[in-house]
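J.: Quick one: this structure, given as structure tokens, is what I'll be asking you about.
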Amino acid sequence: MHTSVEGPGLGQPEDPTLLASGRVKRGWVWNQFFVVEEYTGTEPLYVGKMREQKTFYTLRAQARDRQTDQLLEPESEFIIKVQDINDSEPRFLEGPYIGSVAELSPIGTSVMQVMASDADDPTYGSSARVVYSVLEGEQHFTVDSKTGVIRTAVADLDRETQDRYEVVIRATDMAGQLGGLSGSTTVTIVVTDVNDNPPRFPQKMYQFSIVETAPVGTAIGRVKAEDSDIGENTDMTYQVKDEEGVEMFKVTTDSNTQEAVITVQKPLDYESKKVHTVVLEALNKFVDPRFLDLGTFRDQTIVRVSVLDVDEPPEFRPPSNLMEVQEDAHIGSVVGVVTALDPDTANRPVRYAIDRSTDAERIFDIDANTGAIVTGKVLDRETAGWHNITVLAMEADNHSQVSRASLRIRILDVNDNPPELATPYEAAVCEDAKPGQLIQTISVVDRDEPQSGHRFYFTLAPEATNNHHFSLLDIKDNTAAVHTQRVGFNRQEQDVYLLPILVVDSGPPALSSTGTLTIRICGCDSSGAIQSCNSTAYVVSATLSPGALIALLVCILILVVLILLILTLKRHHKSHLTSEDDEDMRDNVIKYNDEGGGEQDTEAYDMSALRSLYDFSEIKGGDGGGIAGEGGLSGNPASELHSLPQWVQSPDLDFSVFRDYICRKVEQADEDLSVPPYDSFQTYAFEGSDSPVPSLSSINTWSSSSEQDFSYLGGWGPRFRQLAALYGARRGEEDADAS
């Protein structure tokens, strides 16, 4: 017999059919499970096991001849149903579980829901009916036996005492009856925070100290109130409660640390108050109204701030920075007095000074002891109407302790400037002008600024009293109008009129000035439009008569003639001097830095000019003839030339001729003021340096008994030819005398 299993489940065999031979179909028996008859035991009897994988099986069977393998009957089908037993325990497939609940939640507050699943058949018996219970943590939480919803069992959960709980939940099948299977899971329940704790200062008093010179905004110290809550429930704000503290100090909250930062809000003064007591309050920023009945959510503490004394610079009192002085004040006049005091308890004496970088011109001075500011120079409001200076106050024995105060000094005006015409006025009037015609409106300017305002008065100057051509009208608004006063003008007789106008201010004292209005007479057309005016302005007073004009011209002509005569005489005198002194030589200052080549080495001075004027032989002849031998001058020119160095060195020769000549030339040059001085002085005392030849100085070489041979000078070239002839001839004469 061959069987096969098909289908997802087990079923009953098909309806029996008759075999071909007509015999009845054989019934099948399908079981392999056995049980003892009349079993009366109390324990469950194990019969067999088929797990919860399929609910039924479908079997197919057919009979075949074992020898021939022939099918003996048609295939039969039957279904085997698997009957469920309670062999699967409940399981929590989504664990582990984590839930949360706010502290102080009321009893019965839902925390979360857990669910267990059972693989047994829920439609057969109670194998899959699960109930829930709390295995651990039943003091604080409960669970709904049917739904698995966990709820609070108490109302006093306190996060600050315990912030989490571990609860064990058990699920049992068979509806919790005896013999049911069970499974369990652990649920972590976190207790969340609520703002149920107020802030509290750890100390009831805090001590801080700060120097009195600390600037506004300086942090004095930090304090912090503690709060058992967490998160935003610990956010705080701080405030100063007493009036004195509010005025002197400011408190802010550090958002990161929730600390109170106390800073200076007003300058401190040790001499005024040494200790400040501040009441500081802390309160929660976010308050839960559900817990207001627990008490006030704020706390207070006392902060004592001690002010430390330091050596401070003097202080100016009062702090007024404006002074006034009139511009006509004399030098040394007191402008005002500044006062400064040492704020320290020692009250040291104070000295004063002016910062000269703000008063470089030293217009003001200050008394170092009294602080009196006085004028140091003459003031002028029109030049500088305001002065800004800085005054220094320092301790007398410690100049490093110095204070500065800016002082503004206003220069008050006095009437010290006369009024003046606003511009150099010029006007034009037609020849055929009618009387009363407006020519020009005059206005003035005044550099002064009187407190009561300007008021000017206009009138014609006294020198214009004989004027009959024009009139001046004071309009009373600090302007005046000039009108014609006659019928017509004649350009041929006079084309320009100068009208002097006197302007007087209101003082005090009243000052005046005279300005001139230039009026030109012009040709006009029939409509009054100006066609042409004389472009040449003759500065002639309208009151000058023709006789006075002629006298003025005659004076000018005489003056011109005198100037020409003086120039002619001076030129004639200069020409006479030039013809008389044709032999004038202009000396030059020549500096020789080397020994040079003798007299031919320069053209600046020609010695022949002197020789042509004076005859040396005549000078000798006055002596009774020539002096023969050493130191004398011979009678012929050649001997004079050769003996010139000896003649220059001779102390017996008369130099008065040259001295008289030079003195005469000096006097002539001094008298002639039209030429620059040409006198000069020549110095030949320095022979120069780096000369390749020995010295030729006459100081060392001139001697009647010199044995030096100067014949080598002939080989020095043309430039030394004259020198070689001079010394060579001298050597020859000495040899001849010796022989």
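Every residue, even glycine, has its Cβ placed from backbone N, Cα and C.
Heads up, here are the entries from TrEMBL:
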DOMAIN    34-92  domain 'Cadherin'
DOMAIN    93-201  domain 'Cadherin'
DOMAIN    202-316  domain 'Cadherin'
DOMAIN    317-421  domain 'Cadherin'
DOMAIN    421-538  domain 'Cadherin'
TRANSMEM  548-569  transmembrane segment
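Could you place these features in context, so I can see how deep they sit and what lies close by?
T.: Taking the domain 'Cadherin' (93-201) as a whole, pLDDT averages 91 in the prediction.
Residues in the domain 'Cadherin' (317-421) partition by DSSP class (helix H, G, I; strand E, B; coil) as 0 helix, 50 strand, 55 coil.
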J.: Helix, strand, coil: count each for the residues of the domain 'Cadherin' (93-201), based on DSSP.
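T.: Across the domain 'Cadherin' (93-201), the residues distribute as 3 helix, 45 strand, 61 coil.
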